[in-house]
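A.B. asks: Annotation source TrEMBL lists domain 'Major facilitator superfamily (MFS) profile' at 18-433. Residues or ranges marked as transmembrane segment in TrEMBL: 20-41, 53-74, 86-101, 107-129, 141-165, 171-191, 228-252, 264-287, 294-312, 318-340, 361-378, 411-428. Summarising the annotation, TrEMBL assigns region 'Disordered' to 437-472. The feature compositional bias 'Polar residues' is assigned by TrEMBL to 446-457.
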Amino acid sequence: MRDTIGLTKEPQGIGEPSVYHAVVVIFLEFFAWGLLTTPMLTVLHQTFPQHTFLMNGLIHGVKGLLSFLSAPLIGALSDVWGRKSFLLLTVFFTCAPIPLMKISPWWYFAVISMSGVFAVTFSVIFAYVADITQEHERSTAYGLVSATFAASLVTSPAIGSYLSVAYGDTLVVILATAIALLDICFILVAVPESLPEKMRPASWGAPISWEQADPFASLRKVGQDSTVLLICITVFLSYLPEAGQYSSFFLYLRQVIRFSSETVAAFIAVLGILSILAQTVVLGILMRSIGNKNTILLGLGFQILQLAWYGFGSQPWMMWAAGAVAAMSSITFPAISAIVSRNADPDQQGVVQGMITGIRGLCNGLGPALYGFVFYLFHVELTDSDGSEKGAKPNMANPTDESAIIPGPPFLFGACSVLLSLLVALFIPEHTGPGMRPGAYKKHSNGAQSHSHSPQGSGAEGKEPLLEDSSV
């Protein structure tokens, strides 16, 4: 067996599937979107000059709700028909709104909302990685994929900001569109299928039961398996503030903390570099030394500290210090993905990863709306996209209340949410034994037809836990 991560399976088509295929796909997709950080803020403010963040929350709310409903379905279908086709589908629809930014802003925001149906790339990517890695490799592999997301944001916002100032937003949109097309071409030409042939039907025409395709079927299993329930609650409570923070933080830095566009780009770059180190070097050390569950708890602790610091911080140096803590908190999600994947059957990887991604999709909808609403309640109206003037004051509905306002009230709400998440995570059992049930591959050894014609509602089979040992 080779030591290289992701090269432990037999060749399937064009070369061997590797974690590095997943890394390139993720990097190109989010690099394209990272370029649009500055133009997107401008278009958002120009299209919705009043209550910008509330409208931003509504748009992402629709997208997040659709992702929540579709992610388990996409994951389950990829368990039957393979990963490559769904990688192509999810990347295409995630990047489809990009060229519309300059063609028609209204269509751009409409397509962003509707793209949530298929914009669940991480669900398929994590299932792809699970197909081609051994159990002991997964935490490192998931950390590498998550670090790639941070790496894509190290330089892309700064590049996009510079090109936008020097040559205009149109060039940035064209460049982002070209990179998205390159990503699609890379999947078509270079990415091999990762799902073994014996676990797939002989052709795309093979029937699939509604029990397998029903997105609510996998969501109903959340309540049937206590471990999955605890993990999903942990993900929801921890990612809800993270999603809201991601949607509003860059503009918050510009308007309330008075960062310039160049400083924001530098902040993102430094945070991205620190996140890469945290999700590769630090994550691997922690997983080996303190275990999977304790790594999750440590990441949640860093997230609480980071959000509290953002909430009370009013000086630029406080944001930089909290950003370093935020990088350490980025170890949480790859650690959660690893504990889920390690204890799921091979044929359930897409379902369980889709379930987790779906919860994150719901948070991507609720988080921005929650943050915008809390800012509104505390009379901090973030509607001005130009925060470059030094010493300017935040827009307040009632200026006399300025001294009484906590700089970042939504971040404090987020810290309370993550504290609840940490308490729930304390009850997640850590599995130290093999993650697969003994008969995991056996029930697929007769070919794909047995996989795609599983019993449709038979009692014990339907209530079988997704994870191996669900005792708390």
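Even glycines carry a Cβ here, placed using N, Cα and C.
Fair warning: this is a prediction, and the values are worked out from it, not measured in the lab.
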A.B. asks: For the transmembrane segment (294-312), what are the same-chain contacts with Cβ under 8 Å, counting residues 6+ beyond its ends?
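C.D. replies: Those are 234, 238, 241-242, 245, 249, 283, 286-287, 318-319, 321-323, 325-326, 328-332, 335-336, 339, 406-412, 414-415, 418-419, 421-422, 425-426, 428, 430, in sequence order.
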A.B. asks: Six or more residues beyond either end and a Cβ under 8 Å away: which residues meet both conditions relative to the transmembrane segment (361-378)?
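C.D. replies: That would be 51, 53-54, 56-58, 60-68, 70-71, 116, 120, 235-236, 239-248, 405-406, 409-410, 413.
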A.B. asks: How about the transmembrane segment (107-129) and the transmembrane segment (53-74): at least 3 CB pairs under 8 Å, pairs 6 or more apart in sequence, or not?
C.D. replies: yes
A.B. asks: Do at least three C-beta pairs under 8 angstroms join the transmembrane segment (141-165) to the transmembrane segment (86-101), pairs 6 or more apart in sequence?
C.D. replies: no
A.B. asks: Are the transmembrane segment (228-252) and the transmembrane segment (53-74) close enough that 3 or more Cβ pairs fall under 8 Å, when only pairs 6 or more apart in sequence count?
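C.D. replies: Yes; at least 3 Cβ pairs under 8 Å.
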A.B. asks: Please work out which recorded stretch in 20-41, 86-101, 228-252 has the most C-beta pairs separated by under 8 angstroms from the transmembrane segment (318-340)?
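C.D. replies: By Cβ pairs under 8 Å, 228-252 leads among 20-41, 86-101, 228-252.
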A.B. asks: As a test: from 20-41, 86-101, 228-252, 411-428, pick the stretch that has the greatest number of Cβ pairs under 8 Å with the transmembrane segment (171-191).
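C.D. replies: Between the candidates 20-41, 86-101, 228-252, 411-428, the best contact partner of the transmembrane segment (171-191) is 20-41.
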